[in-house]
Structures are given as C-alpha cells and as structure tokens.
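Here is what TrEMBL records for this protein:
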type    : residues                                   : note
BINDING : His44, Leu46, Gly71, Glu92, Asp120, Asn135 : S-adenosyl-L-methionine binding site
DOMAIN  : 51-220                                     : domain 'Ribosomal RNA adenine methylase transferase N-terminal'
Amino acid sequence: GSQGVTGASTRRRLDAHASQRPLVYWRGRDRMEGIVFNTRIGQHILKNPLIVNSIIEKAAIRPTDVILEVGSGTGNMTVKLLEKGKKVVACEFDPRLVAELQKRVQGTPMASKLQIMVGDVLKTDLPFFDTCVANLPYQISSPFVFKLLLHRPFFRCAVLMFQREFALRLVAKPGDKLYCRLSINTQLLARVDHLMKVGKNNFRPPPKVESSVVRIEPKIPPPPVNFQEWDGLVRIAFVRKNKTLSAAFKSSAVEQLLEKNYRIHCSLHNIQIPENFSITEKIQNILKENDFNENRARTMDMDDFMR
C-alpha cells in the first residue's frame, strides 16, 4: 500500500472522476493495481496521452465508424475511441486487462458502444469495421498485417504501432537496405505511410526497441493477382534478394516445386506436356524473354514482378 494509490476512499474518488482520469494507477515501473505486465507476450501499455490523441487524429474517425482496436490493454485509447465513433470492438488477449477496461466504462454511456473480444486476434474472425487502431505485441506484426489486408469487406484505414524496424520495412522502396518480401507484399495490397516515431519511454513498461506508427489504406479495388501465387513468386525471389533471379530459380528445391506445380496446372487445364520437357529450360526462357536474367529482387518494384 505505501508505494501506490490504494484504499477505499481513494477508490471512491477515482470512481467519481472516472470520466476525467484513468481508473488505473501505476505502482513501480511495471505494476498497475496489482497487475504485473507480461513483457514476454509483448505487453507494453501506451501511456502518453499526446501520442494516443495523435494516433486517433491520424485515423480520421467518423461518427458513424465501427472501430476495431487490437491490444486495448487498460483502455487508455479505447475510451477516446468511444467518444469519436459509433462503436468500438476491442480485442484483448489478457482477461485481467479486459476486467480493468470493463470497470473503466461501467455505468457510463460508453458501455453500450463497447464490444470486447477476449482472445488471440490471429485466431479470431474479425468483425466488420471501418477503421482499425492497434498497439499489438510486436511478435505478431507480420501475420496481423496480412490478416488485415486480406479481410473482407474492406476497411478504410488502419493506424498501427509497430517496432521501428518493422515499420521501416513496410515502407521500404526498391534499392533500400530494408526492402524485402514484406515491403512488396504490403505495398501490393495497400498504401503505407510512416506517420511518426515513438520512443520507448512512452510505454509502461518500456520495450527494448523503438517504435513507429504507420497508416495502412487498402487498395480498392485490389490488384488483379492471386495473392497466394504472387507470394510464392516473391518468396523465391527474396530468399537471397542480392542474387540474380536466374540464380534464385536454379535451386533444385525451387525447380522441383515449380515442376510439380506446373504439372498440376497442366493436368487441370488439359495442357499436353512434351516428353522432353525441362523445367530448367522453361524458367530460363521466361526470365530471358522478360530481360530478368540478371535482375535482383532487391531492386525490382511491383510492376517488374507483375510482368
């Protein structure tokens, strides 16, 4: 009790001022009313209200919006989202934090606008939403981005907190050191902007890495490509992004995979395969026809891969 805000009278005061101040007070560096944050699963609560406000402003929320918030934590962002939109669907993995959030809105007009989903967002069917705001565990950043981008119906925009390096990969351009499969796949499906840097001390407890906020707007309509096939192509090209495409496609494992896929394709479409068929020759011919023999994935843009 001596190192924090406790006691019945204090609780009554906090309840009375619930709308003005958080119901959550910090004790020590990483405790909150007895809750110890589990940094191994990426629990870092954004505590700076200026950054919370800035994220909400960048999301350009309309009064009619359904907002998906991933990693709602103790509700610092949630309560402000509830003021802006029509409804907030908050997805939170930790039942202890869900209880704090429920306490925070209990008995207020905001309670009826809040729906809480408890569990792993990657294993959850996402509901319809217009905008998404997330401060999620950094270890699930990549699968979450693609879950979002392949979600239908389309959402308008997402404003997301990521580890700095991951954010810079998302926006990297051909020739940049960080340009990779993640960059080209994300930019195929969306417009991506780096909005701001966020230092470690804006979180409680502070993470080991610096962070950044990114805005993602899906391309509507999406490009006319099968994403699974596209991803298969760039996956091969970026395994060694400094190698020429000719070298990348010469690996025996790649050739075996492509030959198997090609034979399945031909049988499905009743295409006759010549007896002397060679997948190696076919690959090299395609690369030569498109002048891609000496190209390297690290310098190729979306239009190059589309060809």
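Glycine is treated like the rest: Cβ placed from N, Cα and C.
No curator has checked TrEMBL annotations; they are predicted automatically.
Structural mapping of features recorded in TrEMBL.
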| residue | record | Cβ within 10 Å |
| --- | --- | --- |
| His44 | S-adenosyl-L-methionine binding site | 24 |
| Leu46 | S-adenosyl-L-methionine binding site | 19 |
| Gly71 | S-adenosyl-L-methionine binding site | 26 |
| Glu92 | S-adenosyl-L-methionine binding site | 24 |
| Asp120 | S-adenosyl-L-methionine binding site | 11 |
| Asn135 | S-adenosyl-L-methionine binding site | 27 |
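In this entry, S-adenosyl-L-methionine is bound by His44, Leu46, Gly71, Glu92, Asp120, Asn135, whose most widely separated C-alpha atoms sit 19 angstrom apart. Reduced to three states, the DSSP call for Gly71 (S-adenosyl-L-methionine binding site) is coil.
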